[in-house]
Amino acid sequence: MARVLDAAEVAKHNTPESCWVILYGKVYDVTEFISSHPGGVKVILRLAGTDATEEYDPIHPPGTLEENLKPEALLGTVDPETLPKPDKQQSSPEEEEQGPPPMETLFNLDEIEQVATKQVSRKAWGYYYSAADDLISKNFNREIYRSILLRPRVFIDVGKCDLSTTILGHRVGLPIYISPAAMARLAHPAGEAGIAAACRGFGAMQMISNNASMSPEQIVENAAPDQVFGWQLYVQMERKKSEAMLARVEKLKAIKCVILTLDAPVPGKREDDMRTDNIGKKLPVSSAKVAEKEVETLPDGTPVPTDGGGGVGKQLFAGTAYDLTWKETLTWLTKVTKLPIILKGLQTHEDAYIASLYAPQVKGIILSNHGGRALDTAPPAVHTLLEIRKYCPEVFDKIEVLVDGGIRRGTDVVKALCLGARAVGIGRPALWGLGAGGIAGVERTLEILADETKTCMQLLGVEKISDLGPEYINSRIVEQQIYDGPSGLEKARAKL
């Protein structure tokens, strides 16, 4: 018979020497686990002795407990009658009645973000909105598209306009894909599976985050037969963990490729995320708040780090490898997976060129500065596209080039395609859509971008994606901003 514990008894175990938590009505002894927790020691200690379900559930996929805790860590269940009652915050009748407006009344992605900002928790907002340092790269990602002008042609029948294209040979309904974006359940319980449901109706590709809040099996469970997914890979210091996950996703037929992320070997300094590090913690048992100065070492003598938690983003990077190299990493990856490989996070023409030399092992690249979340003042994807066109245009013939960052209008989509991108990715907009209205919010996001992209192509005088090219844009202003030094290609070849 399962042991039933009083919440007051659980609350006593709030130290590194004896650390218990309540999850889904069950009591776990996590004392042995806290020193190896990927997100750091203090994340658990802040919740020690309390019901941590509300904090735990949105950011951990099913199976996490079973994978990391021994069976004997389960001590029993908690008597629900003994749990402290959370404080009820007073709210006005207007606030209680207020909810998201009908999604069809939102006409652009900015309006969707505004609605989502009011709906999601402060913690979710901090994680989604945040970017590195002064947000220069994040903002420039978007602003750069405004400096590119369109060159429409006339006397062309545009009654039929086809937005379909291919990514790695797979037919997709839109040249717009969902970039890997973590922790979708912070926005809405539907999570990444909700994004997948929205993509299904548009035939859009979804790249699943390595740090998704749902399991890959859950996310692709209701996929259409021809629906296309990719799996993002952050290589772990313990390579066996990455190999195990790759073996797992290879069993899912809907996942067509691996996206190896390279632009964030360490997390950037995301201050908005850091500020929310202690926000939203439901800690009704005051004794569970362990003072940092009181927690100096773990039972095994390991010092507890004294730096701040760093927010959700920093916690997710725990265990991520920072020792990747072209030869060793790609040799390893091609041995452990049969899935096509896309390299994500390239920010210079030199790296794009080197990647093309690894074809056919490397099938594609994503030009990205991680949404401005890694190195602030790193270039936007548009700059790198123009660099490739200037220094090594043969890259476009050898591998597929995708981009992400700053896409908020259909005109942005078209401009990127004109510069040679195969498709463009959206990350935050999908999360904001989910936060604004669940699946319907993501559908509305894709609908707006699809409609705007179609309208832009028709007004340009273009019937299909493959007809787009540099003759439809004027990028002279942006070209003045890009790197103008030596090509560096010979030096790049010498390193191979």
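Numbering starts at 1 and runs along the chain as displayed.
The backbone N, Cα and C atoms fix where each Cβ goes, and this holds for glycine too.
Note that the structure is predicted; figures quoted are calculated from it, not measured.
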Practice task
Could you look at TYR56, TYR127, TYR472, TYR483 and say which one Swiss-Prot places alongside TYR234, HIS370, ARG373 in the pyruvate site?
Solution key: TYR127
Exercise for the section: May I ask you to indicate which of 206-226, 290-310 is given in Swiss-Prot as region 'Disordered'? Expected result: 290-310
Problem - Proximal but sequence-remote residues of the same chain as HIS37 (heme b binding site) (Cβ under 8 Å, at least 6 apart) - result: VAL30, VAL43, ILE44, ALA318
Exercise for the section: Whole-number Å only: compute the distance from the Cα of ARG373 (pyruvate binding site) to the Cα of TYR127 (heme b binding site). Expected result: 10
Fill in the blank from the handout: The sparsest Cβ environment within 10 Å, among the binding-site residues HIS60, ARG408, ARG428, is found at HIS60
Problem - Fewest-neighbour residue among binding-site residues, criterion Cβ within 10 Å, set SER179, THR261 - result: THR261
Problem - By Cα-Cα distance, the member of binding-site residues HIS60, TYR127, HIS370 nearest SER179 (FMN binding site) - result: HIS370
Exercise for the section: Could you tell me the mean pLDDT over the domain 'Cytochrome b5 heme-binding' (2-79), as a whole number? Expected result: 90
Practice task
Report the DSSP secondary-structure composition of the domain 'Cytochrome b5 heme-binding' (2-79) as helix, strand and coil residue counts.
Solution key: 28 helix, 20 strand, 30 coil
Handout entry: Cβ neighbours within the same chain of GLY406 (FMN binding site) - under 8 Å, at least six residues apart
Key = LYS138, PHE140, ASN141, ARG142, GLU143, ILE144, TYR145, PRO380, ALA381, ASP412
